[in-house]
Amino acid sequence: MQIKEPLRVGIGGPVGSGKTALTLALCQRLRNVYNIAVVTNDIYTREDAEFLTRNEALAPERIIGVETGGCPHTAIREDASMNLEAVAQLSERFNPLDIVFVESGGDNLAATFSPELSDLTIYVIDVAAGEKIPRKGGPGITKSDLLVINKIDLAPMVGASLEVMEKDARRMRGERPFIFTNLKRGQGLEDIVGFIEKQGLML
């Protein structure tokens with residue numbers, strides 16, 4: 001039996017930016033529409049996988065937690081074999097799988113997904129890290145298919161200007177899209193779903 005190749009969506013970003021919150025929200029929004037699964041990456045635990053299971057993102061057998069050890073961005077870039085194996089397992093188990101979300105371990109602004117592992121990349125940063133984050137650049141900011149600027153509700157508390165962040169994101173990314181979100185309240189989620197469907201599934 002031929003195994004369908006799913007759309008692989010890489011979700012990256014610094015620790016605490018909202019990667020797992022985005023993965024959870026996307027699973028809850030899309031699980032009744034598409035056949036989906038998740039691969040998470042943690043250095044020494046399966047904490048993100050357990051969080052998603054606990055919050056009933058998907059059935060537990062649809063979530064594989066990869067323990068990367070050492071440097072988390074190596075597992076999504078230079079040596080993606082563990083992640084590729086997890087994607088292959090899920091593709092076989094739930095054939096025909098539509099989408100696999102691959103969430104990276106907490107990484108820095110220089111981390112990117114291997115093209116072997118991800119068809120579409122979403123990079124999540126958060127307003128609480130300061131308005132200067134978009135202009136710091138790095139491949140996640142400049143080269144990802146979609147930049148998500150999360151936790152916009154915190155802007156007044158940390159003295160961050162969304163206007164400045166928007167201007168810097170536009171300057172750093174050129175034509176590449178970015179979306180402001182408050183994932184706790186679901187704000188911006190539909191725009192992300194629309195992007196995945198249009199760019200990845202060609203709907």
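Indices start at 1 and increase along the chain as displayed.
Cβ from N, Cα, C; glycine included.
Copied over from Swiss-Prot, here are the features:
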- Gly13, Pro14, Val15, Gly16, Ser17, Gly18, Lys19, Thr20: GTP binding site (BINDING)
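In this structure, the binding-site residues Gly13, Gly16, Gly18 were compared by how many other Cβ atoms lie within 10 Å of their Cβ, and the smallest count belongs to Gly16. Cβ neighbours within 10 Å of Val15 (GTP binding site), excluding its own Cβ and spanning all shown chains: 10. Sequence-distant neighbours of Thr20 (GTP binding site) (same chain, six or more apart, CB under 8 Å from its CB) are Thr40, Asp48, Phe51, Leu52, Glu103, listed in sequence order.
Same-chain residues at least 6 positions away in sequence with a Cβ under 8 Å from that of Lys19 (GTP binding site) are, in sequence order, Ile11, Gly12, Gly13, Asp48, Glu103, Ser104, Gly106, Val124. In the three-state DSSP scheme, Lys19 (GTP binding site) falls into the helix class. Around Ser17 (GTP binding site), the C-beta neighbours below 8 angstroms that are at least 6 residues distant in the chain are Val124, Ile125, Asp126, Ala129, Asn150. The GTP site is defined by Gly13, Pro14, Val15, Gly16, Ser17, Gly18, Lys19, Thr20, and by the 8 Å test on Cβ atoms against their centroid, the other residues of the chain that qualify are Gly106, Val124, Asp126, Asn150.
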